[in-house]
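To keep things clear, I will list the structure first and then write my remarks on it.
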């Protein structure tokens with residue numbers, strides 16, 4: 001039986017989403033196939049082996065108050081190949097890890113680097129692909145090489161902003177031809193955290209101020225008026241793309257609350273776009289995934305414009321949400337791959353990538 005480590009929580013502003021995703025995974029993983037080592041990371045960065053592995057308590061955050069938590073350290077030593085419990089010196093060998101960590105410290109290459117040093121196979125892309133996919137500005141630069149259409153953009157840096165915020169706002173507005181609305185996004189924040197819509201110069205200035213609360217680098221993007229659609233990609237050398245799903249949020253754009261708290265946001269599988277547009281999304285999703293060097297899984301998001309059905313790349317998520325309402329597992333369920341079978345396939349891909 002494989003020893004599967006499931007990491008959850010983490011330092012990022014998406015900590016609560018990690019709790020939801022990991023709880024959902026624990027409810028669906030086949031415990032007859034895997035011996036679980038469930039490791040929680042608090043918002044302060046403390047690691048604990050959580051042997052009860054109660055999905056309900058993880059989801060609510062009450063796991064941190066559970067008796068019997070044991071401090072744990074993921075060792076970079078390949079002989080250990082797992083975790084050390086400092087209080088007793090006990091080691092637990094890990095065969096494969098599913099890092100269910102969203103955002104910084106989870107999708108940015110840091111945990112992937114530690115797991116790589118430790119020699120532990122893990123679900124999801126490696127260090128460079130994770131880092132480049134997490135930073136929206138680097139993603140944009142790489143996608144520029146693929147021929148896939150994406151929104152025009154401006155990259156703002158904190159040192160320039162601190163010297164002259166108005167000048168940065170003017171430069172962004174000029175780059176986007178003073179055409180509003182625009183969207184302002186922290187470069188390395190996910191789940192729409194810190195994202196603002198700018199309808200004029202004043203709200204562009206305030207949007208930059210908000211985004212720089214979350215990051216040192218900010219992306220200002222052209223507004224694309226269209227359907228918000230998502231495609232799940234699965235695989236290593238020869239990845240496959242799911243059909244395309246569509247999000248119809250009740251809010252102006254798909255905010256953090258709309259993603260995780262608003263049950264009135266509608267999900268359509270397949271998306272309400274033409275068959276030709278669906279095939280273009282699927283083809284471009286694989287193109288972006290491959291260009292970024294992704295392995296295992298990612299969700300690739302696009303717009304399909306209302307005006308002429310043009311497909312425009314939006315962003316990529318290398319550890320997409322796995323909550324009960326998340327698009328990634330739902331897209332593969334639609335294709336006939338159940339949630340437990342999807343988890344099995346992700347673990348197979350992790351082992352294939354590590355062992356060739």
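Cβ coordinates come from backbone N, Cα and C, glycine included.
Heads up, TrEMBL stuff is auto-annotated, nobody curated it.
Residue 14 (active site) falls within neither a helix nor a strand when secondary structure is assigned with DSSP, and so counts as coil. Annotated active site per TrEMBL: 14 (among others), in sequence order.
Look at TrEMBL and you will find 191 (among others) tagged as active site.
Sequence-distant neighbours of residue 326 (active site): residues of the same chain at least 6 apart with a C-beta under 8 Å from its C-beta are 21, 24, 320. Mapped onto three states, the DSSP output places residue 326 (active site) in coil. According to TrEMBL, the active site annotation covers 326 (among others).
Every protein chain shown contributes to the tally, and the Cβ of residue 227 (ATP binding site) ends up with 21 other Cβ atoms within 10 Å. In the three-state DSSP assignment, the secondary structure recorded for residue 227 (ATP binding site) is strand. Taken from TrEMBL, the feature ATP binding site covers 136, 183-185, 191-192, 221-228, 314-315.
DSSP assigns residue 315 (Mg(2+) 1 binding site) to a strand. Residues or ranges marked as Mg(2+) 1 binding site by TrEMBL: 301, 315.
Within 10 Å of the C-beta atom of residue 315 (Mg(2+) 1 binding site) sit 20 other C-beta atoms, taking all shown protein chains into account. If you look up TrEMBL, you'll see 315, 317 marked as Mg(2+) 2 binding site.
Residues or ranges marked as domain 'ATP-grasp' in TrEMBL: 140-348. Mean per-residue pLDDT, taken over the domain 'ATP-grasp' (140-348), amounts to 93.
By a simple count of nearby Cβ atoms, those within 10 Å, the most crowded of the binding-site residues 314, 317 is 317.
The closest partner of residue 221 (ATP binding site) among the recorded positions, by CA position, is 315; the full candidate set was 14, 301, 315, 317. A separation of roughly 14 Å, to the nearest angstrom, links the Cα atoms of residue 315 (Mg(2+) 1 binding site) and residue 227 (ATP binding site). Distance noted between the C-alpha atoms of residue 225 (ATP binding site) and residue 301 (Mg(2+) 1 binding site) is 14 Å. Fewest other C-beta atoms within 10 Å: among the binding-site residues 221, 225, 301, that description fits 225.
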